[in-house]
Amino acid sequence: MKKLIYYFGSNGSDGNASMKNILGNKGAGLAEMSNLKLPIPDGFTITTELCNYFYTHNNNFPKNFQSDLKKAITELEIITGKIFGSTSNPLLLSVRSGSKVSMPGMMDTILNLGMNNEVCNALADSCGDKRFALDSYKRFLEMYGSTVLSIPSDLFEQICEKHKMQADIHKDSDITVELLEKIIDDFKRLHIKYTKQLINDPYEQLESAIKAVLHSWMSNRAVIYRKINNISEDCGTAINIQAMVFGNLGKTSATGVAFTRSPSTGEKKLFGEFLINAQGEDIVSGTRTPMPIIANDSNSMQAMMPEVFKELSQIAQKLEEHYLDMQDIEFTIENNKLYILQTRTAKRTAIAAINIAVQMVEEKLISKEQALMRIDPESLNQLLHTRIDYSKGLTSIAEGLPASPGAATGIAVFSPYDAEKLSHHHKVILVRHDTSPEDINGMHVSSGIVTIRGGMTSHAAVVARGMGKPCVCGTSNLSIDEKKQILTAGDIVIKQGDIITIDGGSGKIFLGEMPLIQPTFSEESKLILDWADEISSLKVRANAETVNDALVSVKFGAQGIGLCRSEHMFFDKNKIPLVRDMIIAPDIERRKLAVQKLLPLQTEDFKALFRVMKDKPVNIRLLDPPLHEFLPTTEEDKKNLANSLNLPLSMINQRLHAMHEVNPMLGHRGCRLGICSPEIYQMQIEAIFTAIFELHKKEHIECNLELMIPLISNVGEIQKLKMDIYAVIEKLEQRYRYKFSFTLGTMIELPRAALGSKKIAKEVDYFSFGTNDLTQTTYGISRDDIASFLPYYLEEKIFESDPFTTLDEEGVGELIDIAIKRGKSSNANLKLGACGEHAGNPASIEFFHRMNLNYVSCSPYRIPIARIAAAQAKIKHG
């Protein structure tokens, strides 16, 4: 068996920062801080190997683990000068989880372990503070009971509230020694009620606590968190056991969390919160509203503990310069002595991540490449957050702490269950006293989060920032009744289902729906995206067919349009009647008449698009979907169509019935329409090239056209359509006395097209991989129907991910690889692109880079994500 226990502390460390795989993120940080000679409580880390062994050996420990554990405790006793379980000089322990990847609040922690009646008395004697000893015992019974013994945590809270009410006490800090003794007695009875015994033996407490932490790795909340954040279940958790240091020893003791820069904005100054006379869980759980580390008032640490503040500032700077990244630091102050409990790379908003990355490049701490690798591409969604338009003179009903930026409107809900249930039909704002890891699903589906208690580093704040959701915490002027499902702000009563708006940037809450403003990119955002474009070899284009889409695309840095779905233009209310006339027309003459009416409208559509894009490439796909998608479905629309065509309704119904297809997505669509109904493609070709000529002649705009044929499966299809297309273009060149320049390409979206790409490539200038249909036809799964079984497939690990979100490299990717190799073998100059949903997915973009594609094309709002992902792929793979 490999080494399972690594020491750290005042005598140095067995490990270092590079050992996250076995020591976990927290353990590696503690080891590294030991090596940096920082003040940390002595302790040891039990490696992730134990977790993996535990789950593969029927929840048992390895043979010699218990004896190794006792040796480690003995070593800790020698270093600290205290004895575990002693009735004269007791050593108390903290037991904390720590996986390779940080999972804030998802795993279990036990403090003050080793407590019993005798130890409590000894602790009181040694420190001369009975209230502190009893408070520590109370905390242990509550944490051990809820975490290890699975006693519902609200039962402990109910006992406390009952005693406080009877004694007419409102603050925990006012609880007397006598009241603490009564609460402890009731806590003990609760333990005995649930487990038939009170576990007093310190080693039995320790072993059961270790098992509880290991079990928490597979807890429902941790599994959900890992799924949401794509964290592997195989890495397991390490366990960190440390000598307790106490932040609840009185007014010269405290606990807190500090960030070396602002996690919301990236501003370069120490940011954080602390609580006097408290333990670590008080601040991260959000059950008490903390005070700031830096502020202009007398309640800040800077004002109350200036010497400790100075030391903390120096340590924070040292840690950031050592790790070359913003740090999240947990600390405890015991009788004015500072201890660092943990440091880790801090979670941050997308805005903060970009600002910090740019600052650190300017400070010459890191390179542009390192800066880009620190940006989570998906987090850039946060840059698209809306904000409230305050120019309208709005009045808020409440104000709390601005815990996570952005604005959101939705119906107020008061439980995670209701959030999940109602989110299917509404945007929801989850309102809670405070959140806990069990609320993770409800938080995930909510548009925003409000908590009555808690601060900027509470569970709600940290998780909301990680999810990119607006969050307001510490709204002490609000009161909530979760049972009655009402929220009260002064005289205003908000019931479940009432609409509220929250501003996570200012901490304000409003009744009703507020006017919102779309965000704009900061100069730092533009700069880091420019760096991405400098580095990446994969160009990023947009899927766009409207002027608005094109404008948004250009704003977000698109280098062209990679997919213009021309059929989307047909759904305009002025065009759809003509399209229906064209489809339903009983004879060729009527059809041609409808086509001619459509021609000038389509011409204007294309002109508008080319104007926005100027000389950037615009890849126009000819009509693709089956014609039934344009046809009326309601009786009223059918009657209107009959009237416009001056035909009986029965004939319309007969024609609709004749056009019905059993499987239209594999039926009469794409190039098959162009071959069987050539007048449609002919009209589109005339509209496109007329638009190009008119812009050239009248507005001096030189268009960069790429013309694409959809759903090819056979080289004969492309040869036939190519002939028809060039015949129309030749006539237009004669009419306008102008030579058109363009490239011709095809979608590769069917397996047969991929396999037959050698012949197809000879006929075209480029391939564009339509990965949506290629995935559908490779798997034999409809994208519209996969939701009925995908959750089960993911749960059973039949699929590793949704194949319509992340490209299946093994199957679909293999077809793309074949198509590229065979296509290039017959056409060395073949250009390559991808335009499905996968083209905006970072993992898929990495694959497209490895396949040496020229560009990807995604929705306008995925462009910033794709630009960063393309640069990261280049940095990783060259």
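Glycine is treated like the rest: Cβ placed from N, Cα and C.
When Cβ atoms from all protein chains are considered, those within 10 Å of Cys835 (active site, proton donor) total 28, not counting its own. What Swiss-Prot lists as active site, proton donor is Cys835.
If you look up Swiss-Prot, you'll see Arg96 marked as ATP binding site, on the strength of sequence analysis. Over all protein chains present, the Cβ of Arg96 (ATP binding site) has 28 other Cβ atoms lying within 10 Å.
Sequence-distant contacts of Arg565 (substrate binding site), defined by Cβ-Cβ distance under 8 angstroms and a gap of at least six in the same chain, are Asn543, Glu545, Arg621, Asp624. Marked as substrate binding site by Swiss-Prot: Arg565, Arg621, Glu749, Gly770, Thr771, Asn772, Asp773.
Annotation source Swiss-Prot lists phosphothreonine at Thr457.
Among the features that Swiss-Prot reports, region 'N-terminal' is placed at 1-347.
Positions annotated as region 'Linker 1' by Swiss-Prot: 348-404.
Annotation comment: Swiss-Prot describes 405-502 as region 'Central'.
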Nonlocal residues around Asp773 (substrate binding site), in sequence order (Cβ under 8 Å, 6 or more apart): Met665, Leu711, Met747, Glu749, Leu750, Gly836
Additional residues surrounding substrate, by Cβ distance to the Arg565, Arg621, Glu749, Gly770, Thr771, Asn772, Asp773 centre under 8 Å: Leu563, Asp624, Pro710, Met747, Ser768, Phe769, Leu774, Cys835, Gly836
Largest separation between Cα atoms (Å) of residues that the record links to substrate, namely Arg565, Arg621, Glu749, Gly770, Thr771, Asn772, Asp773: 15
Distance [Cα-Cα, Å, rounded] between Thr771 (substrate binding site) and Cys835 (active site, proton donor): 7
DSSP state at Arg565 (substrate binding site), helix/strand/coil: strand
Separation of alpha carbons, Cys835 (active site, proton donor) and Gly770 (substrate binding site) (Å): 6
Pairwise CA distance, Arg96 (ATP binding site) versus Asn772 (substrate binding site), rounded so that it is a whole Å: 45
CB contacts for Gly770 (substrate binding site) [other CB atoms within 10 A, all chains]: 27
Local backbone state of Arg621 (substrate binding site), from DSSP in three classes: strand
Arg96 (ATP binding site) - helix vs strand vs coil (DSSP): strand
